[in-house]
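Okay, so here's the structure we're looking at.
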Amino acid sequence: MAADPQTRSLRVLAGIRRRRAKALEAALAQQRSEMERVAAEAQAARDELERKVEEHRLALQERSDLLDRPFTPDHVKSADFAIETQLAAKGEADKVVKRCDSTQQWQAQQVEAAQAAWRRNNERIERFDARIAELIRKKDQAEEESADEESEEMASARIGRSRSARGRGDG
């Protein structure tokens with residue numbers, strides 16, 4: 001049974017969409033993988049920030065402890081320098097966390113966009129498949145009706161021939 005041109009065209013389009021689905025699935029998997037990598041980087045940055053906050057707290061505590069016992073001005077300068085160093089490191093770590101969070105949000109948007117593209121493509125495939133099925137159903141129905149009409153015509157012709165043959169035989 002040869003398919004009509006419209007059905008063939010829809011099948012070609014559905015095939016193109018199916019190939020596109022494979023590419024979209026690969027892109028989605030890549031975006032999800034990238035999201036996992038970015039999330040791991042963000043977590044590492046948060047862990048580093050926590051470590052820097054703790055180091056800064058310890059530097060402040062050491063300076064406070066220093067002031068509770070005999071000290072020299074050099075000891076205080078050294079403790080103040082350690083506090084400033086830890087404060088700067090904490091600030092840098094905070095910037096890295098913010099940058100990672102921003103990257104993570106952007107990557108989440110990329111994953112959502114890839115998912116949406118994949119979903120839209122699958123919906124198109126489903127619509128093509130539904131249209132193909134509808135065209136095939138209509139064609140089958142038309143062929144069945146045509147076959148029924150042909151059978152009726154053949155039956156009518158047989159009845160007509162048999163009546164005609166009886167009419168000749170009776171006369």
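Note: Cβ is positioned from N, Cα and C throughout, glycine not excepted.
Residues annotated as coiled coil in TrEMBL: 21-66. Taken together, the residues of the coiled coil (21-66) have an average pLDDT of 96.
Non-local neighbours of the region 'Disordered' (138-171) in the same chain are 4, 7; each lies 6+ residues outside the stretch with a CB under 8 Å from one of its CB atoms. As annotated by TrEMBL, region 'Disordered' applies to 138-171.
Annotation comment: TrEMBL describes 142-153 as compositional bias 'Acidic residues'. Secondary structure of the compositional bias 'Acidic residues' (142-153) per DSSP, as helix, strand and coil residue counts: 12 helix, 0 strand, 0 coil.
Under the heading compositional bias 'Basic residues', TrEMBL lists 160-171.
The residues of the region 'Disordered' (138-171), classed with DSSP into helix (H, G, I), strand (E, B) and coil, number 33 helix, 0 strand, 1 coil.
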